[in-house]
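Participant: Just dropping this structure here.
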């Protein structure tokens, strides 16, 4: 398939089709990355609420939308259909604007989420142990085991909780690697608090989301430009014919 406009368009339709196919694959990548992030934030929803779960869901939705939009680009490039190419370029432009707006919103609420995370962790410690199978108890135990941490900032945070005062000044079993025979921790508890570990893990997930979204945004900008050039090239060719 030749180049359009007597060499004025620096790429072929097949190259544009390949780019649109890459959009399709990028949509699948977004869904996978969003799913992983959503799983992480849902696991610790008691601490993050839904502030960071929402961007993860938005990434999944965006991936699904890109799958649909890429169809117009692939068909438009394959069939030299101006209407489909215009639809592809227009929808990609809208998605690009929404991505930029979403990125700004996440950057603004970043510090607010960090303060909320610490507040929720401190508050939930008072609910630990009230019910052995409660979500709060299970989440704290899993988090302290996974990250090798104890308390929000450090182990002394437990000393002001219901669990500590009602279990003869003992820490939860998940606060140390080797609990005593009663299933509690009396000494050798983990030195580091869980707030820093959970905060850093949350940031890491957001960095991955932001990096993937940024890379796809660059592809979108290129795709919009290529589509506009092809629309012009197709129109000029048919006018000549």
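Placement of Cβ uses the backbone N, Cα and C atoms for every residue, glycine included.
According to TrEMBL:
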TRANSMEM  21-41  transmembrane segment
TRANSMEM  56-76  transmembrane segment
TRANSMEM  88-109  transmembrane segment
DISULFID  150-175  disulfide bond
TRANSMEM  206-231  transmembrane segment
Participant: Around residue 175 (disulfide bond), how many other C-beta atoms are within 10 angstroms of its C-beta?
Facilitator: 25
Participant: Counting across all protein chains present, how many other Cβ atoms fall within 10 Å of the Cβ of residue 150 (disulfide bond)?
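Facilitator: Taking every protein chain into account, the count is 25.
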